[in-house]
Amino acid sequence: RENFIHLCNPHLEKMKEDILYHFALGTGTHDFPALFGDVKFVCVGGSPSRMKAFIAYIAEELGLGSPGGDYPNICAGTDRYAMYKVGPVLSVSHGMGIPSISIMLHELIKLLYHAKCSDITIIRIGTSGGIGLEPGSVVITRQSVDATFKPQLEQVVLGKTVIRSTNLDEQLAKELMQCSKEIGQFNTVIGNTMCTLDFYEGQGRLDGAICLYDEEEKLQYLKNAYDSGVRNIEMESSVFAAMCNLSGVKAAVVCVTLLNRLEGDQITSPHDVLVEYQQRPQKLVGYFIKKSLGKV
């Protein structure tokens, strides 16, 4: 069972039924192997609409859907997350921040386990703030680091602090980088990603409702981050990496940068430019999936 999902929870074996509450799915009401047993690639991202757009895009790329076809939300019984599927690809929204993606991943990992999926690759596609990169650059994460630049996730469990590794699959990152070179449409780098607990003070912004530091201190912090290998900042990668590691799943984080934080804090690019930027991780991961399935 080396290539199957590992569940780090012996208590689940004793449960007659497992209710995935935030997905509105359960082993007593749904046939998980029939619904999800063929899944090989799972793509997760913050926005439900973005993940619906991704499943429509990948369906067209793989020749599995009709143009303009509708893809029903598998989690329509809840408004917490959205889930879409076409062929071997599952597309799931995770909301914003570590708590939201953590809840989703607990239930996603159990779903894949109950479905008896094997050889799974999970990729987070999203947006981020860049450091020292032109807006629109794509960052493939080598390590997720915390706000002190350490490659770890600190989590309090039963009142005790637990430290978990946030390394990501090195070979998968290299394969994605090669795919970007073959596409040749946008700048892509492999670098560390800083995962913060919030969008404003935690990322050194000057434009939040609260800010008790000056611009010089902010720029020094971001330069220190750059010198430590950080190339972008977002809010989900650390727990994503840690949970995928514990579950024995190959994982990657692919995020586009919407701005260079060394030059400002607010996202000022026109809407149509931002839309095109947000499609870049989709194009890269879509190409990777096609190539993996021998369709390139």
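Keep in mind that glycine also has a Cβ here, set from the backbone N, Cα and C atoms.
According to TrEMBL, the protein has these features:
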| type | residues | note |
| --- | --- | --- |
| DOMAIN | 40-289 | domain 'Nucleoside phosphorylase' |
| BINDING | ARG80, ARG124, ILE125, GLY126, THR127 | phosphate binding site |
| BINDING | GLN203, ARG205 | substrate binding site |
For ARG124 (phosphate binding site), the number of neighbouring Cβ atoms whose distance to its own Cβ is within 10 Å equals 29
Nearest to ARG205 (substrate binding site) by C-alpha distance, among the binding-site residues ARG80, ARG124, ILE125, GLY126, THR127, is THR127
Between the two most distant Cα atoms of the phosphate-binding residues ARG80, ARG124, ILE125, GLY126, THR127, the distance in Å is 20
Check: min Cα-Cα distance from GLN203 (substrate binding site) over binding-site residues ARG124, GLY126, THR127 goes to THR127
Quick note, ILE125 (phosphate binding site): same-chain residues at least 6 apart with CB under 8 Å of its CB -> CYS43, VAL44, GLY45, PHE54, VAL254, CYS255, PRO281, GLN282, VAL285
Cβ-Cβ distance under 8 Å, sequence separation of 6 or more, same chain as GLY126 (phosphate binding site); the residues meeting this, in order, are GLY45, GLY46, GLU234, GLU236, VAL253, VAL254, CYS255, VAL256, PRO281
